[in-house]
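Sharing the features that TrEMBL gives for it:
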- 39-191: domain 'CSC1/OSCA1-like N-terminal transmembrane' (DOMAIN)
- 43-60: transmembrane segment (TRANSMEM)
- 124-142: transmembrane segment (TRANSMEM)
- 170-189: transmembrane segment (TRANSMEM)
- 211-329: domain 'CSC1/OSCA1-like cytosolic' (DOMAIN)
- 336-414: region 'Disordered' (REGION)
- 342-353: compositional bias 'Polar residues' (COMPBIAS)
- 356-367: compositional bias 'Basic and acidic residues' (COMPBIAS)
- 379-389: compositional bias 'Basic and acidic residues' (COMPBIAS)
- 536-814: domain 'CSC1/OSCA1-like 7TM region' (DOMAIN)
- 537-563: transmembrane segment (TRANSMEM)
- 583-609: transmembrane segment (TRANSMEM)
- 629-648: transmembrane segment (TRANSMEM)
- 675-696: transmembrane segment (TRANSMEM)
- 734-754: transmembrane segment (TRANSMEM)
- 760-781: transmembrane segment (TRANSMEM)
- 793-815: transmembrane segment (TRANSMEM)
- 821-840: transmembrane segment (TRANSMEM)
Amino acid sequence: MNENFIIHPLRPEYHRLQSSGGTGSSAGGETEFDDSQVLRQTFMVYLPILVVVVLLFSLIRRKYRRAFNVRSWLDPIKTPLAYNQYGFFSWFWKLKSISDDKLMDECGMDALCFVRVLRMGFKISLLGVLCSAVLMPLYATADDSQNTRSITDNIAQLTISHVPEGSPRLLGAVIAAWIIFGYTMRLILKEFVWFIEKRHKFLATIRPRNYAVYVRNIPNELRSDAELENFFRQCFQSESILEGNVALKVPELSKLVAQREAAITKFEHAVAVEDRTGEKPQHAPSLASAIRGSLKGGGEKVDSINYFASEIKELNQVISKHIDDLNENKTCFSHDVEQPHASGSNRQISNGVRKTRSDSENERYGNMERTGLLSVSEGRSDHSVKEDCSTSPRNDIDTPNGDPGKIETAENAGYNAYRATNDATPGDSEGKTNPGIVLKNATKKCRESASSIGGAVKDSAKAVAENSTSLLKSAEDGKPESAGFLSFRSLRSTHAALQLIHHGTPFTMEVQEAPAPDDVFWFNVGRGHKELQVGRLMSFAATAVLCLFWTIPVSFVASLSTIESLRAEVGFVDDLLDTLPFLAPFFEIAAPLLLVVVNALLPMILRVFSMMEGPVSGAVVEASLFTKLAAFMIIQTFFVSAISGGLLQELSSLVQSPTSIVDLLSTSLPAQATYFIQIIFVTTVFSCGMEILRVVPLLKAMLRRFLGPRLTERERQQPFLTLRPLSNPLDFEHAGFSSNIVLYYIVFLVYSVISPLTSIVVAFCFAFMDSIFCHQFVYIYPNRSDSGGKLWLNFMRVLIACMFVAEFTIVGLLALKRAPIATPLMVPLIVVTALFSVYINEQHFKVTKNQHSSTFDSAFLKDAYLQPELQTKEARFGFARL
């Protein structure tokens, strides 16, 4: 950047071009340029930069396809659209001819919505350009008055500040405002028609998120897969439910999976070392061995490949067993929750908790046979019992004193006593059928079984206690969360579930749209309603405080943006430069970067605030982050810069004449248009230039080739300290870029009437950004997690808010201009905008959330497979004209 252009986001006086020479003078020996010269110098410097960027990019884009056409060679994100790179310059306008459907299918609906926002801005600003053709001569030819006689700058004369107070020409501003804002509202309605169609098309596509819902605040009695499915089967047809998945707490399993991933990485690295060197790598198996080896020399070492291979196999077995246990425990947890006070005869205990049965002999042993806990084998005596190891829950219990036969012997003895008294048949021998003998034998067996049971019960109680303690220690793994996902077989059922109220208690069984599977933040799944509410409150409070006081740190850092101010404010820097004067050039370069670093921290801080809200997916984070960044753009960049900047410029005049604030604001507010034109144009040149030349990604990819682990393919694909290879591109930052577009909209809406020249610059910027970002979506950015245009909905809400801000600003300015006729005529426009906002919020946003019923009509299947000969009874015909 040219050193004469130091852009300060809050204090417009710093945006003036400063030079040591030129016309005019000031007390400090600096030359303060008028608006015309400021814009002239801005365009003279940045327009050539823009031209060079476009020429350079057009020259290298086809030669270095790997860097500038990632989606033509990277398999996971390949797209047919990227195969056609068009001509040297023709790409700039031919990319705009890609249809919305193709762009949506290949680049995602979020990308398409961003492009539509740019094109909508171009349409509105183009109308502003037409209005400016009338407004600029209207303002420039206004008669001079006492308040406007001092305005001699050519650019300032094209603004409303050159119009005298109470002049009838102010009606031109009102008429232009009605035209521009009316057309904006009409475009919003048309864009909603377009968006609803595309949104419903997106919701109808075959993807997991469209056939699933996210259920949170699930009651205790429903926190199992089966119970969740049964609950929704009461609302829908049974076959419409595919599966329910209640989330589980799995901290131990997460640790095991992380260990396995680390072991796989180390194993692959060891194999790569062997392939490259021809020698088997070795390492110390533990930290103690490594320390002993470093101290004494040598030490114990193991073959790395075999060691990590064995570790992976062991972890695979442990993880597999862990997952099987968790799946088995799901139903046990739900049963324990449903019947917390159940008697011992009905309690189901699995994995260490036994299932005892009714005291009724008939029910007890009949259940044993039915459930397979005890089974009678064919071809053997009826008194012979076989254990079913695959289904018996007691096999998971550590048996008393290590003797696996005591519990079984006790149960079998009781069972044999039961059979001895009840299984006698008429065909048996007389000894067996004699009642006295039977009773005697039964008494003897009961006495024997009682003795066995007495010893077994004591030991089994001890075993159950030990296993219960073990379960409590690891009870965190497998404990169900209060949220989960439910999948349906049809779109109709999915959207019906989203619109029904599923529980009479507020905030219970809340059903929301499911995110994409790879976009789920599992660590936030299951957070309770109170926790989420507190998180949202804290996020809002932190954002409000930061938004109000962000000016303070930025102003301080901006005061250090030159080496002279840095030496004056920071004592040790002055001493250091006196001692080591050769460091001065480095501080000259680094000092302005302080402001860049501080501004770069803002999205990171706001992202942390958004995460406090407990979002369940990245799309929700982006939407929340966009809203916060947009608020910062409106409040900090616009309001603070326009209003406080205008007052600061005229501070000396206000001190001399405090009552002149109204006159000063009526002239200084329009004068801020030059500052915003600078900001918008310079931002467009640099952001688009850096974006299309991919300066930062290419620099990071180049450094990644030399830094970080890169021996294996897995290592080469992974980022290292924010350094990413070209084969692992980042997703498009929709929240950050969209919030920047908000500034373009609000500047246009406010200054299209106040300073018509703004419309021309904004229209150019929108048209240029349209081509640039179309190129990036087609050739660079992957389409991994598409939210389906959720950010577009938030943008429309912000846009309507910007309309109110602009209208009230214009009304305030006209009031300062003492326009008795023009000011009241703006009030109906505010009323119309308010009614429009109410109208839009009634149904338009609601309709975008779900599919409409006609979408589920299966009439398209009728006669689809009918023979062609049977389809048309009568053919239409006519005479073709030659």
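Placement of Cβ uses the backbone N, Cα and C atoms for every residue, glycine included.
A quick note: this is a predicted structure, and the numbers were derived from the prediction, not measured.
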Return the average pLDDT for the domain 'CSC1/OSCA1-like 7TM region' (536-814) as a whole number.
83
Please spell out the DSSP helix, strand and coil residue counts for the domain 'CSC1/OSCA1-like cytosolic' (211-329).
79 helix, 18 strand, 22 coil
Rank 675-696, 760-781, 821-840 by Cβ pairs under 8 Å to the transmembrane segment (170-189) and hand me the top one.
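Comparing 675-696, 760-781, 821-840 against the transmembrane segment (170-189), the winner is 821-840.
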If you count Cβ pairs under 8 Å, which stretch among 760-781, 793-815, 821-840 touches the transmembrane segment (675-696) the most?
760-781
